[in-house]
Amino acid sequence: MLKIGICSSITISNSISNSYHSPSTSTVVVGNQLQQQQQQQQYVQQQLQYQYDSLNQSQTSPNSNDGNIGGGSGGGNNAGSNIGIGGGGGGNNNNIGGGGGSGGGVNIGSGSGGGGSGSNSNIGGGGGGGQLGMNGMNGSNMLLINQNIPTIKSTDSIGSTVSINSTGVSLQYNSLSSTIGSPSSLSLLSPIISNPFSSTLPNQSYMVNQILFNCLCFHPKSPILYAAIRNEVHFYDIITKSVIGKLFIDPTETIRHLITLPGNSIQTPTFLLAFTQEGVIYLWDPETHKLQTIVHQLKLDDKRPITCKSAAPNKPVIFFSKNESKDIVVVDFHNKGSSPFKLKGHKKPISAIAHHPAKTILASCSTDGQLKIWDTRNNMSFLNFEEFSSYENTRNIEHSNHYFLVFEPTGKYLVMTGSSGLTLVYGDLTSQNPQEVIANGFICKGQNILSIVHHPQLPLFFVLSIGPSGYEELSSWEINNQYKTIVQSPLIPTFIPEINDSLSYLSKYSKPLTIPKFNPVSIVIHPTKNYFSLQLEASSNISSTISPYPSNINSQPFSSIRHINQNIYSINSYDHLNHSFPLVSKLPLPMGFFFEPENTFNYPSEITFFDGTYVKSYLPLNGITKKLIDTPIMVNSASGMGSGGGEDISKGKKFLFNNEFQLFALIYDSFSVAAQAQLSKYLIMDLQGLVNQQGDGSDCVFIGNNQQILILGLDGKLAKVATLSKQGVSSFKNFTLVPRITSVHSTPLGGNKVVLYFCQEKSCLVFSKNVNQSDPSCKDNYMVDIDGDNGILQLQPNEKVFQIEWQSDPKSSQHICAILTNQRIIITNSRLRIINQIHSPPNHHQSTSSYFQSIFWLEWTLLYTTSTHLMYMTLQNNQAPKPISTLSISPIILSTILPDRMIFGYQGLQVPGKNETTVRCQAIGILECLIIGLLSLPPFIQYEKKYLSSCLQNIVQKLDYTRISKHVLDKLRERSFTDLAYSLSNDMKISQSKQSSLEKFRMAWISKQYEAANRHLSIEFNRISIIKNPNDTEKRQFNKLKENMRDFGRECMNAGHYLLAKDCFQKLSEHIYLLQISILLNDRDSVIAIKRDAELRGDDHVLLAACDKYLNKQNKSINKVNPPVVKILPWDPTATTNVSMKSGLDYLSPINLNSIQRYYPISLPFSGASASLNGGKHKLLRPPEESWPPEDFKHSVAITPPRTLMSLVANRLSTKSHMSSTTTLRRSPSIENIRTTSTTFDSSKFNTDNQELFDDDSDDDSDSGADADVDSENEEDRKLVMTVPASLQHNDNSSLTNITVTDNDSNLDQDITSNTGSDIADLNDTQLSSTPTPTTTLSS
């Protein structure tokens, strides 16, 4: 039995292109929205008022060439008239013009005006519907609506135009069905008022969007669907599930019908033909998208919709008929000089047309049941079926009001069906007895038939009908040649399309509160392939929420619908696809394939797979597929359709290939047609044909490093194990399994865990164990360990295990297991303890039984596939899965992953009865998943940072990283790989081009790339600063930018980038910071300039005094500033060695270490986060008898800075808690210091081991000075030395307040700031006496 299922789903954006404005999605502007439109709106209302007053006075105005109002049959001409009343009126493009039409109607249109006819009581009414528009007022799609419109009602479907009449405004909704007559309209009902245009307009705006396709059709040969919406035709590739092309027509027209004209040679190529609502025919070449010709209708005022159409098979000729028409219009595109003509002969309107698939025969049927056969060579009718006296149920044919005609794909017979269900099947129409009825009967009794099509391969036809319950059904019917009747086919059960909610792809928050029901009205089937779709139409009971004018404030219009969704169906060969199908061998990648340089790009030589008939191989390097065994492995002569006598139907389920011994194992289901029984069997065969073993078995697996094979018996209670060798397969040994086992899976674990069993009876996964417990040396390790001594994983009662994959790392001796079930994916350790898992989403709409389809280990990242995406997940359970790429086809089974693409097995959409596997590849980017997986390892799998860095460098060098997400960059910065993160982000040219200067600045700032950050910051600052008359938003942005610049300048100072900091503070006019930097750089010119500016301002006396003190300094020393460093090796203090100190975020003046007089060694653990030096952690101090410098260099040094300008700046600018009491710069001790530590100090006082006395800087990732402010202010700072000036010693040794630094004026190499600090400290002693001095810790 076959089954109908969804094979693809097309989703197209419901948005208007920028190049045109379609009337079907006109913006309905309700109110005075734009200030610049007030005058235009006022002018329009004046014109409407004038026309309304003149409506009863200008019924028959004379024709005029240059008048303002034209009436009668002539109307006004296009050159002069502004308003046309009656037929024929026109107008300039910049004015309001009436469109053409007959009668006394008034038409107000945009541009050339709306078309249609109407009476003198309608404005823009009639066939085509008029439009009111204003060119130059936000395009030609602006519409004014009256306020007094309570609701909108409908009698048909979604619409496309808005027109104005005497009772208000109507929104016209055009029919999507070819069987429904003229388009209906949604009337915006309002009471008749004296002036419908004088009301105040509310201030609201809505978009009228289409939510269904106007028409659909398939390519004659390729798997391509053409879908029309508004004036667009979208080309949708069913295999790749993507839109591959788009065509446009005039924006004022709407496409209503599509049909393809198949060609059989270069002279007669395939054409795509479109009928518009206005009656124009467009012809394209779909391969080149070139417009071939445009054909206008015979009568310009004929606005009737097309009811039926058909195309010649091998000639570009189209036949169609319009509503209530008795003629067939013929358009021959082959003869370019010919005009459309008509075939006449029917007495009643034509109901159906069908062309013979191979011959020049056309069949047509009218509403009175008359069937005529035409010869298209001479356009003459040679058969007329009017007499049904020989048929006993002739009277029933008269009860049908509509008929359907369909030819069998080869032309063997013609099916004629009435809407009542009576069906007549005529044989060969060119035979001697063409009127012979070879079969007849009633179909779909008690139902209303909507559409009939014939399957392109199977001998059956599909009927779409509406059942008594009101739901649509799709049934299949075939001819019983023995009894000459028409019976329902047992091959395909009745299918009820699940399309009543075509907006199911939207979330519940995006849907309108009330949704119209979407009904299928016709079947659209592929001419040669196994695809079909359903043309949809909205039901007649559309509520007011479809209106652009919602009934209440909580209702949502259809402007929220931004996509159109359409399902494409196919007929599968089986009820469901087995999860292990397609049958392709797995090539797992060893650990380190991408991480280690020597393993990268070692491509596998070939991939072996079973295509359903042959064993083949796929070469990844060139994409060539070849047969490995010439003889077919599996042949289904019954074609899967239940015929063929005693033949068997086979379906492969599992395929394994052993590369070492060049043999494969195949598990397949064999269905006996004669016995009506199904068995599961196995086949073991080598490529040379020397080994060929078959038998009964439900599952198999290679175990013991692929040296053995285990076959699971049919009942799941027997395991048959054989040893493999180059000579063949040994005899099988049988082992009893208790309880019943469902499937078996291999493991890389040693010892007893050689097999992993899935027991559905117990709903668990268990390992095997040794049968002979008394003899561990025995290798019979196949007993089920139901007690769980080795580990057990309990599953849900209805959970089924499909696939298990292992990843083993010899470096960390870890084994990780990934388990794929029908409900979730589980990652466990070697004892089946869950590390991470993801569940399938609730109520997922999939044709297969499982949401997940396959899994594959890529280093420490697990890749898995769904029906739409390739995803990845890591070993951290707090990270959500992320997509890698979309999948064009489904379902697929991953075979292997290469650095630039993935290779997978895929079952193509084939003719029913065939089961075929193909191997394909798809380009993907795997850099992100590799990096995230490596940086998201759990605690029990840890690598050294140097190894991680080498792995990351190898990945980046070998793989493409032109596209990488922000999540990866943040993860790298989080793990201190800032340099790598910035280099990646800087090389992403595509991504960089889309970022603003502010975003680039933030990215460089985060990555500690100060020069690049300053460059981008300057660009953004210059851009905003030149804006004249900025608004409030721009002012807020500028203030925020200044804050970022201030913080960035401070950080540049902390990192030693003084020139960059100076550039920032110059833009901000931060004079104190500029003076600080100038003194640090010994830049006297800058100090003079700062002083001059301060004198002009006259508001900063402290700054002036500081400048004077510095400039009055007589001794001028050379500039010698040692920037902050990460590491200070063991050193001897000299007269030329200066060290910078940090207070909060500000670095103070460098100090010479020889100026320190005394120090205090602290004997307790010291923390830089202490509130002050008088805290409890600093009470145990030794007397200051030790002289500076220390002899062993094994202590950190804590000093307090003198009262310098820097301390003044730090205190003055400390408004955001930038200052801490103590900070530290580290130094690495020498090996001699470490050796003497245990002898000099007692480590027991610090509650730690000797190896933890000093900081280990081996893990520092960056060599730049950006990490200078990363201190060791924690409990690991075991011993520190506090310095206290001798002149300020108090009786209490724990009270440390300040430090005196001696000046050495004779030392010209000493930094000038050391001396300046002492002099400036005397400048404002009175000002600073009440200011607490920050304490700075220097760790040498």
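Glycine is treated like the rest: Cβ placed from N, Cα and C.
As recorded in Swiss-Prot:
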- 56-67: compositional bias 'Low complexity' (COMPBIAS)
- 56-75: region 'Disordered' (REGION)
- 110-131: region 'Disordered' (REGION)
- 208-246: repeat 'WD 1' (REPEAT)
- 250-294: repeat 'WD 2' (REPEAT)
- 345-384: repeat 'WD 3' (REPEAT)
- 397-436: repeat 'WD 4' (REPEAT)
- 1216-1251: compositional bias 'Polar residues' (COMPBIAS)
- 1216-1340: region 'Disordered' (REGION)
- 1252-1275: compositional bias 'Acidic residues' (COMPBIAS)
- 1286-1318: compositional bias 'Polar residues' (COMPBIAS)
- 1328-1340: compositional bias 'Low complexity' (COMPBIAS)
Interface-richest range of 208-246, 250-294, 345-384 toward the repeat 'WD 4' (397-436), CB pairs under 8 Å:
345-384
Please compute the mean pLDDT of the model over the repeat 'WD 1' (208-246).
83
With DSSP helix as H/G/I and strand as E/B, how many residues of the repeat 'WD 3' (345-384) fall in helix, strand and coil?
0 helix, 22 strand, 18 coil
Please count the residues of the repeat 'WD 1' (208-246) that DSSP assigns to helix (H, G, I), strand (E, B) and coil.
0 helix, 21 strand, 18 coil
Would you list the DSSP helix, strand and coil counts for the residues of the repeat 'WD 2' (250-294)?
0 helix, 23 strand, 22 coil
